[in-house]
Structure formats: C-alpha cells, structure tokens
Amino acid sequence: MKVSMNHLKEWVDVTISVQELSALFNTHSAEVEEAYRLVDASHLVVGYVQEKTSHPDADKLSVCQVDIGGEISQIVCGAPNVDQGQYVIVSKPGAVLPGDFKIKKSTIRGVESNGMICSLAELGIDKKFVNADGIHVIKEHCKPGDNPIDILELDDEVMALDLTPNRMDLLSVMGVAYDTAAILNLPLKDRTFTVQEMDEPIPVSIRLDTPNCMSYYARMLKDVEIKPSPRWMQSRLIAAGMRPINNVVDITNYVLLETGQPLHAFDYDLLNSDTISVRMANSGETLKTLDEQVRTLTTDDIVITNDKKSVALGGVMGGAETEIGAATKRILLESAVFNPVHIRKTSNRLDLRSEASLRFERKVDPKRTILALEMATSLFQQYASGQVYKGIAKVDNVDYTEPIIEMTLDTINGNLGTNLSSEEVSEILHRLQFKTTTTNNTFHVTIPSRRQDMETYQDIIEEIGRIYGYDKLPLTLPQTVSKGSLTDLQKFKRQLKKQCTALGLNEVITYSLVPEERVNEFSKEPTKHTSVLSPMSQDKSTLTMSPLVGMIDVLEYNIARKNTDLFLFELGKQYNHEETEVLCGTLTGTLSSTRWNQEVETVNFYTVKGLLNAMFESMYLGHLEFVPMGDYANLHPGQSAYIRDYHGVVGFIGKLHPEYEKQHNLSNTYVFQLDVQELFTRQRKVKRLQDINKFPDVERDIAVVVDENVLASELLQVVNKAGKRMLIQSEIFDVYRGKPLEDYQKSVAIRLVFSDPKRTLETKEVDTRVHEILGVLKAKLKAELR
C-alpha cells in the first residue's frame, strides 16, 4: 500500500517528515518498505519552446531555443513530439536526475546544448503511469521559470507499507490516517461531501438473490462528460501506483484509495434494464470482462446482472459490454459488500487479481459503503459535470451490531508486563477511536466495523501495546526454562528410520502431489481424494493416497539411468479423509555383486519379508504376521500379503503386478507400506530378559503332509501352542511338492527345539510332547506325519 503524504494530510495534520513518520510506523503500526519523494530532482524550471530547427548533423535531433524565465537557452532534444509553442520541463545544468544522472553543458554532434527537456519518466515517475515516448508537454497554466513540480502537483512524498493479511484496515488512506492520528495523538479532520440531486428520481431497483452480497447501493448520474481527471487527482493516483485513465475511472480509483471501498461504474444506457440483480453464476455461464477475456463461470462466482444476463463479476472485475466509453452520458455507480470467501475463490480460480478483489477478500468496512458512494458522486458532480438523480437505490442486509470485548486492567498489564493505569489505557483506546466504558477496572471496548480483525481481548491488548510502544515494554527473562524433548511417537519414528537404514535401505523424499489418474494406484478400492484448485501442473494436482506412487517414479527415473539395484524407504504421508503417516519401501535388483563362483541372488518376496521381520523383532513387534490378501490394486495376487495381528491390519507387502511393472518399465519389484500410528500402538513396551540356559537343547525334525492352502503361519501357530513352555523355538526348513504326494498336497518340514531352564530333558518326555504336537496338527489341520 503506497500512501501519498499530501493525501494523508487531508485527514490528519502531519507536520513531521515522511522519514520520521515511517520510523514511527515501523515501531507502532506496520512495516514501511521505503519512503521517498515522488520526484527527487532539482534545478527544474518551466520552459517555453520559442523556436525549433533541425539539427544540421542528425536527422532525429532538434535544436530548440527555450525561454526558461528571463533567458533563452539552446537545448538539443531527441524527443519526436517536441515542437514550437510548447511549455515543457527543463532540467538546467547542475541538476541531478534519478539514477545519479548529472545535467551539464555539452556539445552534441557539434551543437552546444545547455540542459535537457524532460519527460516525466526521466524525473523518476514509473513509465507505466505516464507517456514515456517523448517529453511531457505541460497543459496547465504556467509561465517560463515556474517550478514544474508545483505546476504538475508532483511535490509529494510517498510511504510504501508492507501489510500483513490481518491489517486490511490499512488498505486505505483513511485507515492509515486512523493509525497516524493514534500514533501522533492528533485529531482526525472532519470531512463532508455534499451531493446536489435533481428532482427526477433514480429509475433503478435492486434485487439480491444471494446472501453472498450483503449490501448493494447505487447512484445514477446523467450528462456525464468523459475527460481527463484533474491534475491533483492524477498525481495522487501516480503516487499510489495507479495509472490515470479518465475522470470516471480515476474518481472510482481515487475513492477506493481513500476509503478502501471498491466502486464500479456502468454505462447505464448499455445495461438495457432498470433492474440490477445480484446472484450466483450458473455453471458454464460466460462473461467477457474488461480485460477482453471471456471467462467461464461456476456456481461459486458472484455476478451482477441486468435481470437477464451477467454484466459484471461481482467484487472482481466489470464486464466489457457495459464499460464506460467516450460516448457515455449516463452512469450507474455501484458500492457493495460481497462475501470475501467467494471473491477469493473466484479471483484465485480465474487468476484475476484486482485492487477491488484484494480488498473484498480481506473484508471491507460495511459502514463506508454509503460514504464512498457519496464521495464519488460529489466528485462526479465537480469533475464530470454529472447531474445526480434523486435518491439511492439500495438493499442492505448487513448486521451493523458492533461486538463488545471485555478485559480487566490486570489482564492488560499481565499480558504486556506493564504497570499502566486505568487512565492511560483509556487514553490509548480513545486515540484508537475505540468506544470504551470502564467499570471497576474492567474495560468494555466496542469494536468499530473498520477493525474486523479485532476478535479477542488479546487483539485489543496488542493494539494497546503497539500504541504505547513495544520499545517501552520492560525486558524480563523467562521465569522457567523447559528442556525440549521428543514425544514417544517421535522417538518411534526415528527408530523406524534407523532400522531401515541399518537394513540397507536408502531414504527418499517424494512429492505429495501426484496426477489425479494415479492417486488410487495403491488403494484397496478407489476413494475420494483431495485436489488442488489451481495446480501449477496436472502432474502435481492431487494429494497422494500413498507415497509409493512417487517412489515408483523414483525407481523408473533411476533404472532409466542404469541404476538398477534400488532399496528405498520413505516415511511420508497419505491423504485420505485425514493425514496418515506411513512407512513405505520399494526394493528391486540384485542383493550381491556378480561373482564367477556363485549365482547372483535377486530380491524376492522372502527377502522383503525377512527385512520386515528383522525390523519388527528389533522394534518389539515380533507378534505381527503375514496373511495372503488376494487381489489388491497393482499387486501380484499370488505374492502379496497383509501385515496384521489380532487387532487388525497395519500394512501390506507384495510384488508389483506384471502389467503395472510393464507400464513403468520395471521388473521384479517389491513394495511394502506400514501405518506408523498402528505400529506405534502395537509396540510392546516390556523388554523381557532371561538367563542363558545352562542345560542342553533337544532338537526334533518332523515332516507333515498338509493341504496346499494351509499357511506356514497357521502351522507354526498350532505347533507353538501345542508345544507349550517346553518348546522354545520352531521353524520351517523345507517344503516339498511332487510324487508321491497329490497335487493338492505339500510336505512341510519343521524343526522343533525343546528346553527347560531348570533341568535336562529326558528323551521320553520330548517324544511325548512331539506326539502331542502331531495329534493337535492332525486334529486342527488334518496334517499327517510322513
């Protein structure tokens, strides 16, 4: 927000320099990015071009005889628009223009030149706000030798504020004036605007068909004359970073700067209706805006209509069909309040930012709607010769109730660390223009509509603190210093990462955004996903349902570059109905380097399962088991499993489906995914220690024939339960299929280890226990001893 000091002084008598005011704003209000003079140049005078002749040795140069007040100065000029009889800006020798450009007497192609005829751009005015193709020709009344800065009303200073989103009240000169008055403890000037109405009533009616337009006010004028705005107004706009256009556009922009209330002017004769209605757009409806772009609208967009079709995009930009032009005679002036959420959605979706949308997005003061309308109407009467119809067309559904926030003096001093008296606090609140009543050191503060960022008593205390002066607050050390620490879950996640690294996996970090068509690649079934409204690219448009999607891209990228042995993990997030942290892994390639005397071992299902089992054992999660899961998105149906316990599933493991591997130029690739929170809740906290057994173990090997569908985990579960405490270990060491077994059978060899910590086991009792185990296997799984 750029603030003209001349504009600010119309609201509050500022006698200090812009640098001094900037220093106060930095400590009491908002950060000032820079403070500068609008035109920082000296030795400038008005010159009158008495004679212009062509340069004898340069086609594009002219030799001008210029009256600069009491003397004639010869100046060589290269501007194409310089001509005899013009009043121009002359920079005399000794002047220093912006960019440290020093003017001095010189000889140009053999002709003496005593100074320079200037454009406004050469005086430091941004080229986008002025005509930079030639010199500036002064149209205002003046005489040679006058100060052109005064004639053009460019003698101004500018304060550029860097505003935070909550200080929407500073997006206007009035808002800055309120803060300036509070900081300097000065009164605000009382300004009034008078409107002379005709007897003819306004022929327009307003209808609101959506609650997203809270109020809509309109004035109407006729016999409007389109012409340049007055010089002082153009200078204020330039200082604020706006390009002057014509009196109608400039007046609406000027009022916007002054009050913070956006306005819009329609060519009434192009509306072709005496009814203005505000509604939500229909899906697929189109509107050509003032920038000549045809916009396709959605039901989230607010539109102004002539009761037949859309004529403006409410709160964002007007429509091209009702644009003010040179032939405009009657205008309809709009001042309204729109829902900031819908303005933000429309502006972001269409990538259409405007000064109006910026203010509506951050909420406008509803009490300034009528003020801005009357101010603009008054200016139209003065500078556009407009005649005003009687009355204001309006619909107003705004709740003007101002909230009251209560706080005690002790609360204020306790938060600020000060010892302010009740009178000092009341005085600061009065300077802020907050209506306040006090009862027994309890303040009842009425929040004005211009400060919609004030929601809690902490906000009020912050206001008191900044006006009092943060530099005056006492310096105190913290009473206690607490030592930072990690939560149990944070420690658990760090342990997971260390275990993965120890097992030979390399960590990667992938994008959370993926293409929409790939979001469910590793979901059990398609689920609702979350998409970005305005993605930078379609490849990064949707929040991922599994980090595995991004990890597959990493595999594909590396394998295409001959890096084929990849063992990766990522501790990332999946975005379903809520964010969930998951540990994912992808493994492909060989486990050892090629050697002449041994076969190369490649990654397989049992490799990955073994890695996970090792991690589970070290993390006290050894009770988790692997259960075949059948069909799952993009996983091999015969080589995939759920990882679970009796509480439920914590993840999955599997080989990529051959068709999916082919699509991504992969082969023999295995993946896993584990829910970190589910693992954490299942971690066994008790670490059991036991003495090393001094008595010998007894081993027995058995081979049983079972149905092909019987799982190894089922066999071991039955064996361990039947073996009781005497059985300390069981493991499968061989599986056989073939003759003489049937096609639906398999032979599983199991090694049983028995021991007792108090004595040596006898052969008889071990044989008895083995017999019991075989009996239970036969009863539960129909297993037969081979």
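Using N, Cα and C of the backbone, Cβ positions are placed for all residues, glycine too.
Glu462 (Mg(2+) binding site) falls within a helical segment according to DSSP. The Mg(2+) binding site feature in TrEMBL is assigned to Asp453, Asp459, Glu462, Glu463.
According to TrEMBL, the domain 'TRNA-binding' annotation covers 38-149.
Per TrEMBL, the feature domain 'B5' maps to 400-475. For the domain 'B5' (400-475), the DSSP counts in helix, strand and coil order read 33 helix, 15 strand, 28 coil.
Sequence annotations record features per position, and here TrEMBL assigns domain 'FDX-ACB' to 693-786. Confidence for the domain 'FDX-ACB' (693-786), expressed as mean pLDDT, is 89.
Listed in sequence order, Ile405, Asp453 are the same-chain residues at least 6 apart in sequence whose CB falls under 8 Å from the CB of Asp459 (Mg(2+) binding site). What surrounds the Mg(2+) site, by Cβ distance within 8 Å of the Cβ centroid and not counting Asp453, Asp459, Glu462, Glu463, is the set Asn166, Arg451, Met454, Gln458, Ile460, Ile461 from the same chain. Look at the domain 'TRNA-binding' (38-149): DSSP puts its residues at 8 helix, 42 strand, 62 coil. Per DSSP, the secondary structure of the domain 'FDX-ACB' (693-786) breaks down as 34 helix, 32 strand, 28 coil.
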